[in-house]
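Engineer: Take a look at the following structure, please.
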Amino acid sequence: MTGKLHEACGVVGVVAEEAARLAFFGLFALQHRGQESAGIATLDTGSIHLHKDVGLVSQVFRGENFSTLAGNIAIGHTRYSTTGKSSARNAQPFLIDTQFGPLALGHNGNIANAPALRKQLLGRGLGLMTGSDSELLAMMLAGTPGKTWTERIAQAMKFWIGAYSLVLLTREGVFAVRDPWGYRPLAWGRIDSGGWAVASETSALRVMGCSDFEEIPPGTILHFNERDPVECTRVEIDAPHAACSFEYVYFSRPDSVWNGKNIHAVRRRLGELLAEEAPASADLVIPVPDSSIAAAIGYAQRSGIPFGEGLVKNRYIGRTFIEPTKALRRQGVALKFSPLKETLEGARIVLVDDSIVRGTTTAPIVALCRNAGAREVHLRIASPRILHPCYMGVDMGTEHDLIAVGREPEEIAKMVGADSLAYLSIEGFSRAIGIDGVCRACFDGNYHIPVDENFTKNCFEGFGKGTV
């Protein structure tokens, strides 16, 4: 993805021996979903232990950390900020004391009505210590009546509007919660050696030792502990299914399965249909690695143009879309990609990318190819034009930040230095995914739920610093 997007986060839950280490393995497999901070909370003899910090999973957790994370029940989180700035105080899981005992919470998504909910908390004399809407969820749960945590969660869900895949840790065990719209993925499975695991993606469940798994249906609460069978509770909330398009385009690992669809297969299909809709006269099809490789393979196979590797990715550099500031994204391009002059020199290339959001990295990537000798660069995008911001956990900025708003592809091609530019149509995109109930609001502006216009990424910042 060029210009790039970011997605909300990755979450895991474990009920098994060595729970913290299994959670660590799961977070490692979900590192692509967030690179700003990571954390693990465990339950041991009624107490919750927590370690979290800014950094990659491998930086936050060292061998000595696991000695403090005792217990056979754990949750974990890896974060990218969609609300709240990138700082240690916004790292998750959040841990609070409640009248019902300790509660730790990890959240993937965005709550669209967070400003209104925040006002309600303020009116009750409560406040937020961080800039994250995830803490708001924890505070609401702390004040929700009910005999069990399942009852409290079900009651609170009636007030939450937006995207949320949650893992919660209490003295009752681990809870996995998916919003009624099904915006974000969440799956669970039995660990082959014994126990249970939950994760944002099925690829992480495999790493955690699950051979078989299934997706958690929208509007569902699952409860896991060491004693009882898994408890499943469906919360009846009228909501249309709205799976996020960008899980298929960019966020999810290619070896994950979501809504019954293998991500790699969907991306190849996107490339095939792109080749049908937007052919080009060229010598090579070159992907912008890594998330565009499958689409480029599909484009090459359908067009008959040979597939080639023209850009080498430094895999120790984070996703440029996921870097939280524009300056870091621009600087990251030169560090992230290196052109293969032997492949590109004198060639007419189709450069396939999964999407263009802000466009801040597109021009530098095209320039890399030209400087390496590419004679022509025809840019092909395996998703439709992004014309509207996302309020459900994808950090696209505002309409002002989106390069496609108010511009035709020909104008954008000139801006980024490409000989031509074409996007996959919305119709082609829908055909490639092949299921109903997909949120395409960033493409067509059709939001499935009302959006609070006051909601911005940093709308809660300053709270807890003497300001309201």
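Heads up, the Cβ atoms here are built off N, Cα and C, so glycines get one too.
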Engineer: Per TrEMBL, which of Ser291, Ser420, Ser425 sits in the Mg(2+) site along with Asp353, Asp354?
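Structural biologist: TrEMBL lists Asp353, Asp354 binding Mg(2+), and from Ser291, Ser420, Ser425 it also lists Ser291.
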Engineer: Can you pick which of Cys9, Cys369, Cys390 TrEMBL lists for the same [4Fe-4S] cluster site as Cys244, Cys439, Cys442?
Structural biologist: Cys390
Engineer: Average the per-residue pLDDT over the domain 'Glutamine amidotransferase type-2' (9-227) and send me the rounded value.
Structural biologist: 94
Engineer: Which residues, same chain and not among Cys244, Cys390, Cys439, Cys442, have a CB within 8 angstroms of the centroid of the CB atoms at the recorded [4Fe-4S] cluster site?
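Structural biologist: These residues sit around the [4Fe-4S] cluster site: Tyr183, Ser245, Phe246, Met392, Val394, Arg440, Ala441.
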Engineer: If you compare CA-to-CA distances from Cys390 ([4Fe-4S] cluster binding site) to each of the recorded positions Cys9, Ser291, Asp353, Asp354, which comes out shortest?
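Structural biologist: If we rank Cys9, Ser291, Asp353, Asp354 by Cα distance to Cys390 ([4Fe-4S] cluster binding site), first place goes to Cys9.
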Engineer: Between Asp354 (Mg(2+) binding site) and Cys9 (active site, nucleophile), what is the CA-CA distance rounded to a whole number of Å?
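Structural biologist: With the alpha carbons as reference points, the distance is 20 Å.
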Engineer: Looking only at Asp353, Asp354, the binding-site residues on record, which one has the least crowded Cβ, with the fewest other Cβ atoms within 10 Å?
Structural biologist: Asp353
